[in-house]
Amino acid sequence: MTNSDGERTAGAGVGTGADAGTSAGAGSERNKAAARERPARWGRASASTAAAATVGNRPAGRGGSPLPERSRELGGAWAQPAAPGAVPTGRPLRRRTRTPQATRSNALHPGAWWIWALGLGTAASRTTNPLLLALLVGVAGYVVAARRTEAPWARSYGAFVKLAAAVLGIRLGFAVFLGSPIPGTHVIVTLPEVPLPHWAQGIRIGGRITAEGLVFALYDGLKLATLLICVGAANALANPARLLKSLPGALYEAGVAVVVALTFAPSLIADVQRLRAARRLRGRPDRGLRGLLHVGLPVLEGALERSVALAAAMDARGYGRTAQVPPAVRRTTAVLTLGGLLGVCAGTYGLLTAEGGSYGLPVLLAGLAAALGGLWLGGRRSLRTRYRPDLWGTRAWLVAGSGVAVAALMIVAASYDPVALRPGVVPLVAPALPLGPAAAILLGLLPAFVAPIPKEPS
């Protein structure tokens, strides 16, 4: 190979490198042009800002300002931009503490609702002041409206309100037609009186109707109506199935029986409706004695088949097992349970009557303690497990404590100022609102703010 050939070869090599450099430059220009035409997506810069996407070999952020090195590590120009209106403080925003949404894990224990409602009912039993009774009804109604779910059993509150109104009307009707033991001077009307034999002395039908007697009947009927409304509030707020599941072990068999009955009742109603519809489609009577016989027998047959199948399934799953308990423990359990129930009955009677205010609460507490001890000992015979038991958390303590506080404060107020809580009707005067008991009743509103918020229907 001569020098001329070597020069030609070197020149060819130099030419090839120049061509490669030219090709690389052309490829770079094509890439830049494609980047300008590429649409903006996934947080990339738009076509108008693609030309200024780099500032000193560093990716540019929003507005062309260089991003810090930390942003480059977390995605740089490919990272999603901040939402409009966000405040870049560099610190996480603090979440406000509020009442949580009700879920299966944080649902309030059903026993807390019953303790709260029984506390309001105890407070209602200590007064006949219509203003305080109306305040108790308002508190119960507000809590039900704020924390009631859309379940079928939660719709029972309206039925209890109607029952309370019916009881109030019946009480006033008895006062009108059977008279009132309260003597009065303000005669409203005089009805024809039915003569009765001598052995029915003290009872009259018709006669004078006084304003004092009607007001006394109104106060007495309002107290009973308020008790019914408080019980209705507990029925509307507490899940009955979860309440039965929370029963102690000593009442395990009774709870299972009630749960089975509650489960089978809708099935029986559905069977009756289905069979009656089938008979109507066939042109056969579905009412009367004949229709009842033709519908009742298939319903009973289906219920018996379901009962046998359920009994076999429960037996296969180990229901009904009992543990060996010493005879001394059984006798102690029986004594504590029966004695505790008697104490609860005596204490409740004392709380509901004006004469038993001194011994009612201590006897009730002692009876409750004895009954709980007996139930705890009796639960040792039951061998069972609990699936997802309801926990008694802080909110349950607050709800139950508010009802207990209302009852305790009303009992104390009744002992210190009985006239304010039981206004007289002779002479006939307008009742006054005592501020202390009224403030105590307002404590019953606490569940409306601390209990979990029920889910809205979708």
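Keep in mind that glycine also has a Cβ here, set from the backbone N, Cα and C atoms.
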Range annotated as transmembrane segment in TrEMBL, from 106-124, 220-238: 106-124
Considering the transmembrane segment (106-124), which listed stretch of 130-147, 159-182, 334-352, 397-416, 428-451 counts the most C-beta pairs under 8 Å: 397-416
Cβ contacts the transmembrane segment (428-451)/the transmembrane segment (130-147), at least three under 8 Å, sequence gap 6 or more: yes
Cβ-Cβ under 8 Å with the transmembrane segment (397-416): same-chain residues at least 6 beyond its ends: 108, 111-113, 115-120, 122-123, 126-127, 351, 357, 361, 422, 434, 436-437, 440-441, 443-447, 450-451
